[in-house]
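Copied from Swiss-Prot, the annotated features are:
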ACT_SITE  K85  active site, charge relay system
ACT_SITE  S160  active site, charge relay system
ACT_SITE  S184  active site, acyl-ester intermediate
Amino acid sequence: MTDLIKLDAATLAAKIAAREVSATEVTQACLDQIAATDAEYHAFLHVAGDQALAAAATVDKAIHEATAAGERLPSPLAGVPLALKDVFTTTDMPTTCGSKILEGWTSPYDATVTAKLRAAGIPILGKTNMDEFAMGSSTENSAYGPTRNPWNVDCVPGGSGGGSAAALAAFQAPLAIGSDTGGSIRQPAALTATVGVKPTYGTVSRYGLIACASSLDQGGPCARTVLDTALLHQVIAGHDPRDSTSVNAAVPDVVGAARAGARGDLKGVRIGVVKQLRSGEGYQPGVLASFTAAVEQLTALGAEVSEVDCPHFDHSLAAYYLILPSEVSSNLAKFDGMRYGLRVGDDGTTSAEEVMAMTRAAGFGAEVKRRIMIGTYALSAGYYDAYYNQAQKVRTLIARDLDEAYRSVDVLVSPATPSTAFRLGEKVDDPLAMYLFDLCTLPLNLAGHCGMSVPSGLSADDNLPVGLQIMAPALADDRLYRVGAAYEAARGPLPTAL
């Protein structure tokens, strides 16, 4: 393993821009690390070495020409390679969503996020492993096998975006993209000592992000430092007329906020500790101790810390696991074997309805089928008002809790997860235990607000990573970066997985 791959993205970008190292060299170093380690971690579903090297060569040429002409580079991250979660469409490599039903399928169009990455001169190393259609908290629901946590290969890396987080922790990539439906960026970040951000809903385009639950899904940036995450956030955010839920608002200056925060002054910043997310069944002592230490550190930086009550958070899990399956049952109806993807039983003797049934039975995994059935039940005529409508009312109350909290504080904090990474297979047969792992993260998806997980050290219980979750109101993503960068700087360097 070369020292090059251990550098943060901002440093790599500066070296590439100064032509101290080429984008091709950096990309090749990452590809070499993937080749050397991914048999153990299985972070990637598809490695696009040729395409990544071609993109890197194009960037090197552009930098040479821009330098000669005194022009600007394509972006502040030009030439820095990236791992892309396999839920974003790409025209030059498969998009499977971790499902057999899309095995081998290549999209005819790029997602907006993919297109922005290409325009910014960021080589895409490949597509990372994930829970099937982003349904899961461990990446064990992937049809192509689980991803292993580089900190302990007997443990999960979190989910649904465990592949992207593991790729960062294993130094296979300095940058990654994930999607967050109930914590799928923040939770894996916490378990792998990386940084992950769920932006405000609607501020990063969902065009080409294959939907799990449309009102909850949000693409976002992942990296090993807060500044790197901010730089990537700036690249992918912005209004997109092709996404009907896209917010036409200015992107907050997240990079400026991260740089300001790194100076370590939080005087006047009001931080609320969410009462409902700091204790209870399932919280490990080591996680709570790490959280308490993080809050003390924030106080030492000058922040004004108080406890905040969000009473309806106690009902967020129940509401989420009615709303999400309901949207899943609708969104996944399109995967029927008729137009693209897997087709089973089409031998000339079966009807279209039979082919659809056989295709879906063979193509979807157990967790996807479970959520489709729950959602269909919740949306049925006899139960729509009793279940789905009630869940939406609770969702409104959760959003009101947050709005009320932000009248007295600027950001909220909590543990990112109740425990550190659990062992592979430990919760696979217990869906409720798996769902409870999202307890700290999913309220923000219900409200559409933004959140970050930043590493807060290693748990004294098992020496595995712990994450601090920072939350902010909609369109105040810059607050996450100011507080996160200040905490990161005060916390100091942490051990790495490798």
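Using N, Cα and C of the backbone, Cβ positions are placed for all residues, glycine too.
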- Mind giving me a neighbour count for the residue listed as 'active site, acyl-ester intermediate'? Other Cβ atoms within 10 Å of its Cβ, every protein chain shown. 38
- Sorted by position, what residues of the same chain at least six away from K85 (active site, charge relay system) have a C-beta under 8 A from it? K127, T128, M130, G161, G163, S164, A176, I177, G178, S179
- Query: Cα-Cα separation of S160 (active site, charge relay system) and the residue listed as 'active site, acyl-ester intermediate', in Å?
  - Reply: 5
